[in-house]
Amino acid sequence: KPLEFDTLVSNVSTFSKRKIYSNLLFRNLEEIEITNIHTRMFTSLNSLESVFFKKYSYCLYVSVVDRCRPLSDGISSNNQLLYKPIFRYTNWITCFATCAGNIMVLFGRYMFRDENKVLSLIIKNLAVSDLLMGIYLLLIGIHDMKYRNIYNLEAQNWMASWSCTVTGIIAMVSSEVSVLLLVFMSVDRFLIIAIPYGRYSALTMRETVIALTFIWCLGIILAVFPALAYLSSTRYYGVNGLCFPLHIDDPYLVGWEYSAVIFFGINTTGLIIISFVYVGMFISIWKTRNATNLQEKDYNFAVRFFFIVLTDVSCWLPIVTVKAAAFLGASVSADLYGWLVVFILPINSALNPILYTFTTPRYRAHIIKKVPSLIKEAANMSKNNGNKICAGEIDHLKLACTKESNLNKTNLRIVVNKF
């Protein structure tokens, strides 16, 4: 039965005056659902050494207590934002892979001009959205180091801060824009491949820019709206230390309705559309490839993009499935929840660059051709620096020196300036 704030304060005050009942108090709290817990509830109980709650989130309100149970929600503990070393390592490795991979995609698409400018623009936008996930992981890693061993003292300030909210918004924009872009790309490729003889005209650059602008605006609105809608009552993104509202460890925390709309409505619908589109696309390819003017590059892209979609489904399907199980009352282990948030959610952003750019034959050909020339150019610059001719003026004399790289000596010659 839920217990109101004032009632629990009265009970806690009564028990605190009689230390003999302290263990009984802890056992009772394990079964209590506290509807409006607050830090003020425990500030006067300096004699408390340990307390046991029904939910880990309650422990974050009791910074004065040395020992609190449950120990973790699967992600954070009383002292650590990321309580397992493997989570910290995974966060930094995924962060590096995501940032490096997507920066290379943007650099490569800029250096190596693609004939299909529309497709290249879409992939650049997908790389930017995935890069945002890398920035999110970077922010989490920085705050994990900042709050190392003192997280229980800073947890409430961190989760209630605008820094946490902005961090969560970045992650939400990344995930939603990525899903919407994949839906957009899937439908466009399906229409090109499934409708033969050029009856479907490819998107123009202007149409693509309009569509991409709409996708980014929608993704930003979906991410920012809950932060503003729940501003007056309580936080939306600050439901856990990672500032991402999956609502798995506690399915009915504030904002759970909006979270359900995002993950069950938009993301699940997007995955269903992508799956049906690709089933239809490959059926069309299998039936009509020899009878249509399907270009080889469209077929190759369809095969590569299939693996992109497969990784996206592999990312979101476990999250949606576990979230649905949590809503239905099933018990979700803390370790499973931790891996879903720390690894499964962001890994798609790290894999996308490999699938949609590094596996492209044209990109690989550019790399194979460009890298040796860059190495040769760097070697020539080093050689020229060894044979560098330098000059300087000293009053009316000009001093010129030639450094010979093959000999460890310097020849000097002095030339008299003429007036």
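The backbone N, Cα and C atoms fix where each Cβ goes, glycine too.
Note that the coordinates shown come from a computational prediction; the quantities given were computed from them, not determined experimentally.
The transmembrane segment annotation in TrEMBL covers 89-112 (among others).
Over the domain 'G-protein coupled receptors family 1 profile' (101-356) the predicted model carries a mean pLDDT of 83. The feature domain 'G-protein coupled receptors family 1 profile' is assigned by TrEMBL to 101-356.
Under the heading transmembrane segment, TrEMBL lists 118-143 (among others).
What TrEMBL records for 209-231 (among others) is transmembrane segment. Here the transmembrane segment (209-231) has Cβ contacts under 8 Å with residues 121-122, 125, 129, 165, 168-169, 172-173, 176-177, 180-181, 184, 203, 237, 245, 254-255, 258, 262, 266 of the same chain, all six or more residues outside its ends.
Per TrEMBL, the feature transmembrane segment maps to 260-285 (among others).
The transmembrane segment feature in TrEMBL is assigned to 305-330 (among others).
The annotation transmembrane segment is assigned in TrEMBL to 336-359 (among others).
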Below 8 Å between Cβ atoms, which of the listed ranges 260-285, 305-330, 336-359 makes the most pairs with the transmembrane segment (89-112)? 336-359
